[in-house]
Amino acid sequence: MGFFGMTKDMGIDLGTANTLVYSKGKGIVLREPSVVAINKVTNKVLAVGEEAKQMIGRTPGNIVAIRPLKDGVIADFDVTEEMLKSFITKICSKSAFTSPRVVVCFPTGITAVERRAIEEASKRAGAREVYLMEEPMAAAIGAGLPVHEPTGSMVVDIGGGTTEVAVISLGGIVTSKSLRIAGDELDQAIIAYIKKEYSLMIGERTAESVKMEIGSAYPTNKDEDEEIENKEVVESVEEKEENKEDKSEKEAVVDSEKKKSKVNIVNGERCMQIRGRDLISGLPKVIQISEVEVRGALKEPVAAIVESIKTNLEKTPPELAADIMDKGIMLTGGGALLRGLDKLIHKETHMPVHIAQSPLDCVAVGAGKALENIDKMSRK
């Protein structure tokens, strides 16, 4: 009973790419990809979350790994229900006799029908009561912004399916923009670029890896990049060689580590080897791509995100705009981790830009903090 008492209320960041769950009194207790593997013949769910994500692009004909959410909204109701049911069951004790109350976050741009779908799927997955919360508000709370004070706060939450831009004051959203361009679009831009320039077909997981390893929105300090990489190699070597004194052996391990590393520095640029299928020969092929190329591939979707921020600032009342100029713009979500994005936004808006301490967790943490006042929230 004590365990359940700590987990009966939960905040859910139901994302296109990942689902995070915050349990009251325990913090974030689940972080899984929003992916479900299904047998197409029997319609039986075979795997959910990380296990299902590993199957993307690798399944036989009778099994399909799908993402039940697209652009922040439910694309497949039944599969979303099964996914939520699996996640809630993982967290709640099977012997628990009371269904949990949940706060589920949603993008600001969705329709009333799409909101009802989120609520209904959550209820059918086992929730006793469902409270809906706007994602940018949850992200701002999770990032520690003073949302209830009479001062303007701007948050930009870049998730997998949507980018949420909002100005918040006195506990409400003053201006907002929901853009269906985010992490998934960045991945698709990389896939399209490599297909066009190298006649090479790569999968979503490879594109995501390229984005995370060498993706950038703005030129970075190459010396810093090189220093970071060398430090990582040295630390790895020191761990493996802490009991060895032979210098030549240590140098051999350094070489070995560099060979294993996906990323290397070529002519001062971060580069990465990737594998895919040659569209001309049909055979597997390895190419090397540089951070400059990836930055070029990402230019269009990144520009759209920056433009949505500028548009929102133009609609912001002058007093709140002055507050934002003083305090800056807060970036949350996985997209906030794109190297150089904060510098690009600063260059384009002339505003200070900050990245949240744990950008991936902000929405779930914000929903979790709302749980503390769940009785005051109006159920949707």
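Backbone N, Cα and C atoms are what each Cβ position is placed from, and that goes for glycine too.
Annotated features in TrEMBL:
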| type | residues | note |
| --- | --- | --- |
| BINDING | THR16, ALA17, ASN18, GLY160, GLY161, THR162, GLU208, SER209, VAL210, LYS211, GLY334, GLY335, ALA336, LEU337 | ATP binding site |
| REGION | 218-255 | region 'Disordered' |
| COMPBIAS | 223-240 | compositional bias 'Acidic residues' |
| COMPBIAS | 241-255 | compositional bias 'Basic and acidic residues' |
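Where TrEMBL records a feature, it is marked here on the structure.
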{"residue": "THR16", "record": "ATP binding site", "CB count, 10 Å": "23"}
{"residue": "ASN18", "record": "ATP binding site", "CB count, 10 Å": "22"}
{"residue": "GLY161", "record": "ATP binding site", "CB count, 10 Å": "22"}
{"residue": "GLU208", "record": "ATP binding site", "CB count, 10 Å": "20"}
{"residue": "VAL210", "record": "ATP binding site", "CB count, 10 Å": "26"}
{"residue": "GLY334", "record": "ATP binding site", "CB count, 10 Å": "21"}
{"residue": "ALA336", "record": "ATP binding site", "CB count, 10 Å": "23"}
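According to its DSSP assignment, THR16 (ATP binding site) is coil. Under the DSSP three-state reduction, GLY161 (ATP binding site) is assigned to coil, being neither helix nor strand.
Per the record's binding annotation for ATP, residues THR16, ALA17, ASN18, GLY160, GLY161, THR162, GLU208, SER209, VAL210, LYS211, GLY334, GLY335, ALA336, LEU337 show a top Cα-Cα distance of 20 Å.
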